[in-house]
Amino acid sequence: MASTTIKLSFFFAITLIFLQAVTPLNLQHPLDPLTKEEFSIVQTVVLHKYPTSKNSVAFHYIGLDDPDKDDVLKYETQPTLITIPRKSFVVAIINSQNHEIVIDLRLKTIVSDNIHKGYGFPILSADEQGVAIKLPLKYPPFIASVNKRGLNLSEIVCSTFSMGWFGEEKNSRTVRVDCFMKENTVNIYVRPISGITIVVDLQLMKIVEYNDRGIEAVPTAEKTDYRFSHQNPPFGPKLNSLVSHQPQGSGAHINGHSVSWANWRFHIGFDARAGIVISLASIYDLEKHKPRRVLYKGYISELFVPYQDPTEEFYFKTFFDSGEFGFGLSTVSLIPNRDCPSHALFIDTYIHSADGSPILSKNAICVFEQYGNIMWRHTETGIPNEFPEESRTEVNLIVRTVVTVGNYDNVLDWEFKTSGSIKPAIALSGILEIKGANIKHKDEIKEDQYGTLVSANSIGIYHDHFYMYYLDFDVDGVNNSFEKTSLKTVRITDGSSKRKSYWTTETQTAKTESDAKITIGLSPAELVVVNPNKKTAVGNDVGYRLIPAIPAHPLLTEDDYPQIRGAFTNYNVWVTPYNRTEKWAGGLYVDHSRGDDTLAVWTQKNRDIENKDIVLWHVVGIHHVPAQEDFPIMPLLSTSFELRPTNFFERNPVLNTLSPRDVNWPGCSN
């Protein structure tokens, strides 16, 4: 039996008409990502002021300069009556200086051009990394090291790694370059050439430090190639085929970058640094006969990946994947029928090269409906001579993208439920970071290897993944508050019950940023963003609750240099007043940063957050202890959290939602 789209009731049909009518066809939305033409405008305007004949110019970030939030909200209700300036924010290195440039895209003029004088450097460009990785292959000391190991230089490829900051008074734009063997496998990260330190100065574009500490075995290529064309039988287990067909077509309607589906409407943006951005998420309330805003904007602000090997080989590997490499710049094309089902809709977008030229990112995002789960059900056995039972099929909408930074693939989902929930999800795949070692069996290990022996001569290093989500809630309005409802045990001592204890709740409203710094898991609590200005019929504040994933907390000491830079992971939840300039939890300039422009620093102001326009920041973490099953390529390792309506509706909002109708399909039976 093939799955079909939801059969819309009369009310849902009216909802769909409303949602489609809000944004006129072909009208550019103020939050739309930059177009190919707009990237070209940026390039032309900047190079007109700084011609390359006289200047060295490299574009490290080109993105939308966020329009004023109040203007965007006005546009949502009257899109043809308000004109919002369309601007781009650019970070470029011009003649060795970091320029922050704002460009009016309609007037094609520079609005401002400032030079950053502080610490840190912008996102690394793919172009400069591509040059840096070729330097060792022509560097005589490296060639000598290769020959000493008996390796074939033509079978070696190299990769760049950001270096962080470890207390140095002065920093230059440098990267470490590690090299790998591609002989007999494309799985290069499991075949490192260990024992060699290579540092490249990106400004000088030459090797400025080289050290060959000693020879470690290069792990074998045997059974490491993950390509089907290079695998040998037996294959298994066997999986049966599935036909996916939607007779009425997709239930999702995409107008430019605005999406309407069932009772949801939202906007999909894209940014060179953040990657996918979900904005203006509103849900239609059937009882109130109107859409109600939930989320103004949500995206991953940073991903902190500290490895736990303090030796010369690995100590610097404490990556900030968004701020150092760019989630958008690292987004890969999705593979139809593999990364997304056959009924998925795809969205293309654009990124940019170091010279400012637009680059098409084909199939960067997919949108599809997911079938097969239960929305709600009950079987009643308590009524004599009756046996009522009811079950409704759940259909969800998934918005997916994949970000590949070096060895890891991050599968990023935003799942929308008709019940009002939003579930951001993360699934990790790809390749472990491997350190070569002269060890073939666990019995040979005599000292801490800082990881797991996953194969002969292969140590999978312990590490963390800390994803920082930026969630600008607008729960039924702009002004919200953050509540922590603790579950407290109460002892009964007056003999009024046969029970000796029970639990009840105690709610506290955070008044300042310090009140809202939460370490999840220390004690049971409900974390809710409420609108204190809107109440249900029975008097509850309308709200949305954070149902977190299994919490992970940083284990580095707070004075360790990587943790100073990643101090935004010190708590699982933070709440700040909305500020359009506070977008990146690790700071605007993350490469070689010193932790002086992070969420942890901003919140030291301890600003008021009660009944204000607030942003919730949520850290989703994974402590990764590698196992042999993660080698040579890792099955998905997943985590997720949920933003769930809490007294937002008067009752279950999907009580009257019908299951998709059954479809007769040749060869199928119920």
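Every residue gets a Cβ built from N, Cα and C, even glycine.
As given in TrEMBL:
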- 1-24: signal peptide (SIGNAL)
- 29-114: domain 'Copper amine oxidase N2-terminal' (DOMAIN)
- 122-214: domain 'Copper amine oxidase N3-terminal' (DOMAIN)
- 244-655: domain 'Copper amine oxidase catalytic' (DOMAIN)
- Asp321: active site, proton acceptor (ACT_SITE)
- Tyr408: 2',4',5'-topaquinone (MOD_RES)
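For the domain 'Copper amine oxidase N2-terminal' (29-114), the DSSP counts in helix, strand and coil order read 23 helix, 30 strand, 33 coil. Broken down by DSSP into helix, strand and coil, the domain 'Copper amine oxidase N3-terminal' (122-214) contains 26 helix, 29 strand, 38 coil. Averaged over the domain 'Copper amine oxidase catalytic' (244-655), the predicted model has a pLDDT of 97.
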